[in-house]
Amino acid sequence: MNKTIAKVKNGIHGTIVIPGDKSVSHRSLMISALCDGQTVHVKNFLRSADCLSTLEAIRALGVTVKENEDNSLDITGVGLQGLQEPQTIVDAGDSGTLLRLMMGLLAAQPFLTTFTGDAALHKRPMGRVIKPLEMMGAKIVGRKDNTLLPITILPNEKKNFHGITYEMPVASAQVKSAILLAALTAGVEVKIIEPVPSRNHTECMMRAFGINVETNGNEVVFHPAERLQGPKTIEVPGDISSAAFWLVAGSIIPNSSIVLKNVGVNPSRTGILDVLRDMGADIVETNRYESGGEAIADIHVKSAKLHGTAFGKDIMPRLIDEIPIIAVAALFAEGETKITGAEELRVKETDRLHAIAEEFNKLAPAITELEDGLIIKGGLPLKNSEAFSYDDHRIAMALAIAGAAGEGVEISHPECVNISYPEFYDTLSNVQI
Ligand SMILES: O=C(O)C1=C[C@@H](OP(=O)(O)O)[C@@H](O)[C@H](O)C1
Ligand SMILES: C=C(OP(=O)(O)O)C(=O)O
């Protein structure tokens, strides 16, 4: 069934408590699972489809996870050598993060794991993870010359693993994290060099668990540890990639004023704040503090007159998932916006550059698709139309905000928001006067 989004009449107002960060939620399960018999309390875990798939996968590896009513988890670690062979195929669902990080986690285990996933995940490139893991000693087989799902990790022994220095061809936190998790479980030293630094949640969380991970510019060096000593509690910050929809909605819908609570503002994720401020947005951060190496703040956003901008590959990893909603900001800005260096968007849940150009042009003929980006003409009148989510959560939510700020929209395949933000449509209704 389609989702009808109406034009917002009188602005959006109030306070939104932003749900837990998807990246940090995945990592909280995988890293806590490796503690020595200790129970880690994870607060504000994101109960979305992707993170619940990771919860099931971790249980399949023999780890006890208690789910509490307040969205917290209690995870009892089994130690660095304590994971058990899953009795059936591990289903990664739609989640690139689950699959790629778990391939690292399981690369050096003495048992076999086979992964599957949904139709979208079967098309996404996995050679980028398999290659460095094989260089470390892993034995992995996958469809199409070890590049695609289904993928099997063969039983292996730690003694077959060795450290590597790996220069990553693409900036990817998932590839970096897979290598770090393999190094942790295999007990080897690795050095990773990124073209541009990507999100560093794995490094932050490993440090919170007593691991020595050094960062120097584009280089990350991991030193092996005998065992993991977890903090008693992990606090998952609100996901800035979810807050992004309200940052843009609050900016472009006239007469809006909205406070976003507990947003993760780790500098490796705040490219959206830089770009929106550069476009003229009125965004103020308050109540800043740190937890587990992650910066957290409240963000107040008010309507503002935006203008076009240009940005490219250097900032891309800091806002990689925000391009669909930044495209919406650009539609409502004065002048042109040019986005380049965004070719990674072609291998997300869908080809997001193509999906943005196809579907937003149904609302206004404003977008030109480039090989590695988009040119967006701002200020054209929008019309109400039907548009397709491509079963991609970020496309669906960006379309919803474009419709709410414009003349409404009918979204087909709207339920994919469950991947990262199950309460998104309810929140959109609740913040309208
Ligand atoms: O490590 C992570 O949690 C993620 C890394 C990014 O992917 P890449 O590593 O492929 O850039 C991002 O797009 C994804 O939503 C989450
Ligand atoms: C690309 C995304 O996630 P993943 O790679 O985990 O599927 C996303 O959430 O936008």
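Every residue, even glycine, has its Cβ placed from backbone N, Cα and C.
Annotated features, as they stand in TrEMBL:
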- 11-428: domain 'Enolpyruvate transferase' (DOMAIN)
- Lys22, Ser23, Arg27, Ser172, Gln174, Asp321, Lys348: 3-phosphoshikimate binding site (BINDING)
- Lys22, Gly96, Arg124, Gln174, Arg352, Arg394: phosphoenolpyruvate binding site (BINDING)
- Asp321: active site, proton acceptor (ACT_SITE)
Q | Candidate nearest Gln174 (3-phosphoshikimate binding site) in space, where candidates are the binding-site residues Gly96, Arg352, Arg394 and distance is Cα-Cα | A | Gly96
Q.
Can you go through the binding-site residues Arg27, Gly96, Ser172, Asp321, Arg394 and pick out those with a C-beta less than 6 angstroms from ligand 2?
A. Gly96, Asp321, Arg394
**Q.** Sequence-distant neighbours of Lys22 (3-phosphoshikimate binding site) in its chain (C-beta under 8 A, six or more apart)
**A.** Leu46, Ser48, Asp50, Cys51, Thr97, Asp239, Ser241, Ser420
Q.
Could you check which of the binding-site residues Gly96, Arg124, Arg352, Arg394 is the closest Cα neighbour of Ser172 (3-phosphoshikimate binding site)?
A. Gly96
Q: Just give me the nearest neighbour of Arg124 (phosphoenolpyruvate binding site) among the binding-site residues Ser23, Arg27, Asp321, Lys348, Cα to Cα.
A: Lys348
Q: Please list residues from the chain of Ser23 (3-phosphoshikimate binding site) whose Cβ is under 8 angstroms from its Cβ, counting only those at least six apart in sequence.
A: Thr97, Ala173, Arg199, His201, Asp239
Q: Out of Arg27, Asp321, Lys348, point to the one nearest Arg394 (phosphoenolpyruvate binding site) in space (Cα versus Cα); all of them are binding-site residues in the record.
A: Asp321
Q: Do me a favour and check the Cα-Cα span between Gly96 (phosphoenolpyruvate binding site) and Lys348 (3-phosphoshikimate binding site); whole Å is fine.
A: 8
Q: Tell me the Cβ neighbour count for Gln174 (3-phosphoshikimate binding site), meaning other Cβ atoms within 10 Å of its Cβ, over all protein chains shown.
A: 23
Q.
With the phosphoenolpyruvate site defined by the record as Lys22, Gly96, Arg124, Gln174, Arg352, Arg394, how many Å span the farthest pair of C-alpha atoms?
A. 19
Q.
Using a 10 Å cut-off on Cβ-Cβ distances across all protein chains shown, tell me which of the binding-site residues (Arg27, Arg124, Lys348, Arg352, Arg394) has the largest neighbour count.
A. Arg394
Q.
DSSP secondary structure for Ser172 (3-phosphoshikimate binding site), reduced to helix/strand/coil, please.
A. coil
Q) Which binding-site residues out of Ser23, Arg27, Arg124, Ser172, Gln174, Asp321 lie by ligand 1, going by a Cβ under 6 Å? A) Ser23, Ser172, Gln174, Asp321
Q: List the same-chain residues at least 6 positions away in sequence whose Cβ sits under 8 Å from the Cβ of Asp321 (3-phosphoshikimate binding site), in sequence order, or say none.
A: Ser241, Ala244, Lys348, Arg394
